[in-house]
Amino acid sequence: MMSTPETATEATAPEAAPAPSLGADAPAPLPSLIGLDRDKLGAALDAIGVRGSDRRMRVNQLWHWIYLRGATDFAEMTNVSKHLRADLAAAYSLARPEIVMEQVSQDGTRKWLLRFPADHPGERPHDIETVYIPESDRGTLCVSSQVGCTLNCSFCHTGTQRLVRNLTAAEIVAQVMVARDRLGDYPGRDRATGPGLPTEGDRLVTNIVFMGMGEPLYAYDSVKEAIETLSDGDGLGLGKRRITVSTSGVVPEIERLGAEVGPMLAISLHAVRDKLRDELVPINKKYPIAELMEACRTYPAASNAKRITFEYVMLKGVNDSPADARALVKLLEGVPAKINLIPFNPWPGTQYECSDWETIERFSDIVFRAGYASPVRTPRGRDILAACGQLKSESEKLSARERLALRAMMAQDE
């Protein structure tokens, strides 16, 4: 990853130090309770002999300490009996995923490279990236739902990494736990300081967006369970209006998401004609634009108060003409919508360039005059490859040639 003193800092958290190699006779790590929902916490208690009417109370206690207080040790749970704390510590842990790398951008954006254990002995562990984007009035955490991605969107860096597997609900929730740990975003913790952090309100992580690595609707069951845990008012307490699921257009799951879960919806659109979208977002060949837009018009959770966000990356000479803007306006008729125009963020090896600002502003003005909010998303975290479309979980740093190429691309956009 590119890092220069004036643009970014790179830090490895104390708990992120590489674990020593385990010998053949070394005990396996204890299973962690982090990220589990109430049913799974109940099952964990049942396994150590906590049953009957007592179990529900104990689940509520664990929920409070894990998700509201951010406990990292069972010893912190002072209203839980010493005997039960000992039993819990003997069978389980409160371990978070390993932080392999933490980077802080010059604009305050933070990116964590997180490592989950291998699924089977002898296999490689799984690395994913999570990004925190602070603003004065909010802090948005961009979480991943898959290790890699299968969509192969031509403008997206994640699409160059093969899909390994879906993340579990616990692994999705654990990303939020890590971010709140590192930011001190729990009662009684020392809050993080630095450029760009929210100055309003009492929370640093206020919003969650499923816009990291992977297609969330291909990991539907995990995403649904994770949202229920994240939105529980007795714990992390992130209301569903503060949780956005972004999809490239898995049409059959869009209605299901609205009916069963009801978060905010974002669509990675990026083109208004099937021929171009087939190239940019290949899933369009399976679910073309007409089918996608019909799913949006009937999305159960959509309303004027809960508009669907359409994401549109601005690619120089590809999809940024005034005719494209007018076609976008026509396409959105009948949909409660807003449009996020995203300046393309460069990454090594890409064939695309970002539209110039005059072109972006002209495009935005056409959409705005038609009655749609059309903010231009300010690029955040470009210097640490944390911006939209730049995530990729490989832990190896960029080669010198790739760093020079990236610097050149960024310089051209300034």
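In case you wondered, yes, glycine gets a Cβ from its N, Cα and C as well.
Summary of the site annotation: Swiss-Prot records S-adenosyl-L-methionine binding at GLY214, GLU215, SER268, LEU269, HIS270, ASN345. Screening the candidates SER231, SER246, SER364 against this entry identifies SER246 as the one listed for that site. The feature region 'Disordered', as given by Swiss-Prot for the ranges 1-24, 49-72, 97-120, sits at 1-24.
DSSP gives GLU215 (S-adenosyl-L-methionine binding site) a coil state; it is part of no helix or strand. Of the listed binding-site residues CYS149, CYS153, CYS156, LEU269, the Cβ environment within 10 Å is emptiest of other Cβ atoms at CYS153. Rounded to a whole number, the C-alpha distance linking GLU215 (S-adenosyl-L-methionine binding site) with CYS156 ([4Fe-4S] cluster binding site) is 12 angstrom. On the backbone, the CA of ASN345 (S-adenosyl-L-methionine binding site) and the CA of CYS156 ([4Fe-4S] cluster binding site) stand 9 Å apart. The C-beta environment of HIS270 (S-adenosyl-L-methionine binding site), restricted to residues of the same chain at least 6 apart in sequence and closer than 8 Å, consists of CYS153, PHE155, ARG277, LEU280, VAL281, GLU311, TYR312, VAL313, LEU315, ASN319. If you measure from the Cα atom of SER246 (S-adenosyl-L-methionine binding site) to that of CYS149 ([4Fe-4S] cluster binding site), you get 14 Å.
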